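Visitor: Swiss-Prot feature annotations, pasted as is:
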ACT_SITE  Ser162  active site, nucleophile
ACT_SITE  Asp401  active site
ACT_SITE  His430  active site
COMPBIAS  250-261  compositional bias 'Polar residues'
COMPBIAS  270-280  compositional bias 'Polar residues'
DOMAIN    66-436  domain 'AB hydrolase-1'
REGION    248-281  region 'Disordered'
Amino acid sequence: MSHTLKSKTLQELDIEEIKETNPLLKLVQGQRIVQVPELVLESGVVINNFPIAYKTWGTLNEAGDNVLVICHALTGSADVADWWGPLLGNDLAFDPSRFFIICLNSMGSPYGSFSPLTINEETGVRYGPEFPLCTVRDDVRAHRIVLDSLGVKSIACVIGGSMGGMLSLEWAAMYGKEYVKNMVALATSARHSAWCISWSEAQRQSIYSDPNYLDGYYPVEEQPVAGLSAARMSALLTYRTRNSFENKFSRRSPSIAQQQKAQREETRKPSTVSEHSLQIHNDGYKTKASTAIAGISGQKGQSVVSTASSSDSLNSSTSMTSVSSVTGEVKDIKPAQTYFSAQSYLRYQGTKFINRFDANCYIAITRKLDTHDLARDRVDDITEVLSTIQQPSLIIGIQSDGLFTYSEQEFLAEHIPKSQLEKIESPEGHDAFLLEFKLINKLIVQFLKTNCKAITDAAPRAWGGDVGNDETKTSVFGEAEEVTNW
């Protein structure tokens, strides 16, 4: 539900007006956007009159201390109900009948806060590639300004996973136990590793290699979708594991629904051996003109493109394609399978992503991740910083996480004095923090009942607003999916 501003009121912006310059805002329902007058970024750059988006559930109590701050991950939004929905509701981890729950959108994200899609007041056009570097610490400081405007006196618990876990750690380290009472960090790290930095670089290079990138000065309606899609596919492989893909896909063909969709989209089948070979070779390659398979018949200079899904009909286990041989004879060819369910899944995810994200924003946020280091400009020894985090802390790691490894969670728990470490046994890798809802809910509920007892034991209050998604419902910003989509 909406919350009445109590002090230091920030100007609320008209979301409908912002949608005219940022079409992705329509994806987040029920959020608010306020204008923050000024912030000096870590880099020294001063930003003025910039937006911060947030969404709330529940009611702030008179003491202003029943606050849960939820921090979203890399491509998430302020809509916790979408990506952590099964944790949101009465008697769940995020209980709006007892807590005032708020999620603030990080800078660089395309979902309402200051980002490359924001209009630069000095130039009258979007910041685009001239968007200044914003760090995790910059986010925390900007978000603190918004919390102050809402009348928040202290945070009962800050909770986040992956990039959100970085924010949780910074909240605890920056403001101490008097303001941040408790902290939960899932699948994160004290500093961004060389492994993670390298993956971010590979994903950015995918975007840079797209000819439509244009140094970042592309029209929003013509962004480098091929590069952004490839970056997303690359990222997804780091979020899961080899075994999770093998169990889910093996060498199976795409679903019947996906094959039927491909057949509807296919303009015509190849009629020559050359076209047939070309179709297999270029399957998955797209250009603006990729609406059909163009036959080459050995002719130079003829445009040749392929649809991403055209090989579904060629590569199903029962397909027999009639083509003309190079000698002009017609014969039946049954090719070896070259199109698999795993490919269909990646292409589906790439297409889904380019319809909900912006390439410059992706670059900005991955660079934000690269800056994360709790010891940076504080001390030389990272353990020294962790020892200053005196809040009761719950560290949750995933045994199969290859991106933010379980050993990194052990390191956090070892050096944060009042911490407890919990392990999620899941084959899903890093994404388990967005999939293993029941276990995560149980762990957080237990932690809050122990450390926020005055709030969790209080009588529940009636509240209005949306509740979370069922865990089987497809999420816009999370990882819950309908398997028939691919």
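Cβ from N, Cα, C; glycine included.
Fair warning: this is a prediction, and the values are worked out from it, not measured in the lab.
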Visitor: Going by DSSP assignments with H, G and I as helix and E and B as strand, what are the residue counts for the compositional bias 'Polar residues' (270-280)?
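Guide: DSSP classes over the compositional bias 'Polar residues' (270-280) add up to 8 helix, 1 strand, 2 coil.
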Visitor: Taking just the CA atoms, what is the gap between His430 (active site) and Ser162 (active site, nucleophile) in Å?
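Guide: For His430 (active site) versus Ser162 (active site, nucleophile), the Cα atoms are 8 Å apart.
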Visitor: For His430 (active site), which DSSP three-state class applies?
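Guide: It is helical.
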Visitor: Can you grab the distance from the residue listed as 'active site, nucleophile' over to Asp401 (active site)? Cα atoms, rounded to a whole Å.
Guide: 11
Visitor: Could you say whether, by DSSP, Ser162 (active site, nucleophile) belongs to a helix, a strand or a coil region?
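Guide: Coil, per DSSP.
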